[in-house]
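Accompanying notes for the structure given below.
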Amino acid sequence: MAYTCPADSGPCAGFLVSASDNKRVWCGLSPLGCRRTTEMASSSDVHVRICGQEIIKYDLEIKAIIQDIRECPGPQASLLEFNARVKEKFNQLRHRIQDLEQMSREQDKETDRLVIQLETESQRKQLLSNQTAWRKANLACKLAIDSLEKEELLDQGASGTTRQRKATKESLVHTSSDITESLMSISRMMAEQVHHSEDTVGSLVTSSKTVQETNEEFRSMTGTIHLGRKLILKYNRRELTDKLLIFLALALFLATVLYILKKRLFPFL
């Protein structure tokens, strides 16, 4: 059964739509996740855009398969086939998330790097949510298959009862092994998520300190500029005073010279 997301043609509605019967299934993508992906898609980095689109595609495919598992009536082979498919999609999604994380480290701008890191953390959480939904869908499907098999066992003769129970137990052991492996993978993913969250917090603290230091430098430069302006105005006023004094001294000197010449050349005046 194929599902599509309405976010491809408009704002995210939070559900998938079946192409065959128009049935709506909960998607799990938050509007914030869709906006982040849109911001990432507007970046000039083509590889980041393609990686984000592939992550969304794998996420939607995983949700569709999980919904198929919920609706699977059996037999056990069909459930195993669905589980094999969803495992493959989880591996592909995990690799693409790791690629997106690597791309975030290669960004030149701090803002682009933080946006991509936040989207990576969101996709990791979505991956963990999908794995939890997968386990629940498996348990629900197994209970339904077990109930159906019990009814078939009651209808069949005693000769086939032992053989069917043995097959069911083997299937349950195999499924339990798969669930244990999935839980171990979730544990590793959670440890990685904690580590990356610490790195993100450290980056935010460093950026905050840088902004504060820049602000302090701007304040210091502003004070220096105001002081220089005051000194320039003071020097301009002093220059005007000096010119006036020089002019008065020159006038006094010329008057003195004229007076001496008058006394020497025209003593009778």
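Heads up, the Cβ atoms here are built off N, Cα and C, so glycines get one too.
Because TrEMBL annotations are produced automatically, they should be read as predictions rather than curated entries.
Annotation source TrEMBL lists coiled coil at 83-110. If you look up TrEMBL, you'll see 175-265 marked as domain 'Sec20 C-terminal'. According to TrEMBL, the transmembrane segment annotation covers 244-261.
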- Message: Going by DSSP assignments with H, G and I as helix and E and B as strand, what are the residue counts for the domain 'Sec20 C-terminal' (175-265)?
- Response: 91 helix, 0 strand, 0 coil
- Item | Chain residues in Cβ proximity to the coiled coil (83-110) (below 8 Å; excluding those fewer than six residues from its ends, i.e. six or more beyond) | 45, 47-48, 51-52, 54-55, 58-59, 61-62, 65-66, 69, 116-117, 119-120, 123-124, 127, 130-131, 134, 138, 175, 178, 189, 196, 203, 207
- Item | pLDDT averaged over every residue in the domain 'Sec20 C-terminal' (175-265) | 87
